[in-house]
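Visitor: The structure follows.
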């Protein structure tokens, strides 16, 4: 165990705040992308695509934030000083994420297909190919790009003596949301155009693009598995890290169903949903990564540090009473300040002018703050529970927390829009 000097609060605040606000720009971009593409043909005619949005964004968060948390822990434990070890660690982890991305994207596609079939009452084989190909391509491409960005950020943070726990996970989400939504929208629309009939009697369709794409990725899967199996840093995760990832996909999928229903009823919902979900996920992952690193540094698996309990009163984890409360207070302040700024900026970019009314602003901030508070408390409980059960929190806790962030954010924001609509104060109703 390596004990490190405790960070000064202002150092922690600065290290968290900078990537947090960069991440906020990414979530605003993700919301604006969703607001732009919601009227594209594929989103209008294939309702399952909306179900994929939170799931794939959450998948990116689950896999890339787990990678960031794992590598941050290794950096804080002093295991990134050898170039050979760094290369082995990076190759193993990137290969692992590719395996998880292919399998998980396939699973979430099947979930979306089932939802689409139930909603439409029919099965369209062409749409099945479209959904599978779009999901697998989006998941693997975004994860591959983000993984390299994460590796560079963590390695640079380690060299410049900045705690990567504070920097890596927000940055993983910052560009991830906008990249994920953009790649999914463009890929799905392209596939949709390709599978449409091209002759007068509408009998000729082109299906070779999605079929070839899926064959390429599924043929590469055994190669990625082989690399991961031979790597000592990732071999155990290959066999034990599936339950949290797959479970989290279904949790995020429920959030996708909420998005699919809300986007038609509440104008502007699709713009703010990625912001609420993304910011909540960013903040809870900072806390989770720090808690996991602290346990790795101060305790052995299965044994909690002295005077630490799994279940604590919520206010002790938010304000005073536990070591985690110091950072939790900062994160709550950042949540309020950040969401206020992001809400106004997203509104101006989307509408062209400031249209946010006091009632909407207050309701929006309450729902987003409530989401972060619930997530921070769950993070404290989950991280210590996983440690007590001798499971690595870096792999086991973050998928659940990011997925719950998507679900809680979607539900709380939906409730906010519903309550406002009851009193005739919907978002944007003062725009002429």
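From the backbone N, Cα and C atoms, a Cβ is placed for every residue, glycine too.
These figures come from a predicted structure and were not determined experimentally.
For reference, TrEMBL lists these features for the protein:
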type     : residues : note
DOMAIN   : 53-186   : domain 'SLC41A/MgtE integral membrane'
DOMAIN   : 273-413  : domain 'SLC41A/MgtE integral membrane'
TRANSMEM : 12-34    : transmembrane segment
TRANSMEM : 40-59    : transmembrane segment
TRANSMEM : 90-115   : transmembrane segment
TRANSMEM : 127-155  : transmembrane segment
TRANSMEM : 211-229  : transmembrane segment
TRANSMEM : 241-259  : transmembrane segment
TRANSMEM : 327-350  : transmembrane segment
TRANSMEM : 362-387  : transmembrane segment
TRANSMEM : 407-425  : transmembrane segment
Visitor: State the non-local partners of the transmembrane segment (211-229) in its own chain: residues 6+ outside its ends, Cβ under 8 Å from one of its Cβ atoms.
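Guide: Counting only partners 6 or more residues beyond its ends, the transmembrane segment (211-229) has Cβ contacts under 8 Å with 91-92, 95-96, 98-99, 102-103, 129, 132-133, 136-137, 140, 235, 237-238.
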Visitor: With a cut-off of 8 Å between Cβ atoms, can you find at least three pairs linking the transmembrane segment (127-155) to the transmembrane segment (40-59)? Only pairs 6 or more residues apart in sequence count.
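Guide: In this chain the transmembrane segment (127-155) contacts the transmembrane segment (40-59) - 3 or more Cβ pairs sit under 8 Å.
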Visitor: Please report, as numbers and ranges, the same-chain residues at least 6 past the borders of the transmembrane segment (40-59) whose CB is under 8 Å from any CB of it.
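Guide: Non-local partners: 30, 34, 101, 104-105, 108-109, 111-113, 115-116, 119-120, 127, 130-131, 134-135, 138-139, 142-143, 176-177, 180-181, 184-185, 188-189, 191-193, 245, 248-249, 251-253, 255-257, 259-260, 263, 273-274, 277-278, 281, 402-403, 406, 410.
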Visitor: Using DSSP, what is the helix/strand/coil residue split across the domain 'SLC41A/MgtE integral membrane' (273-413)?
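Guide: Per DSSP, the residues of the domain 'SLC41A/MgtE integral membrane' (273-413) fall into 109 helix, 0 strand, 32 coil.
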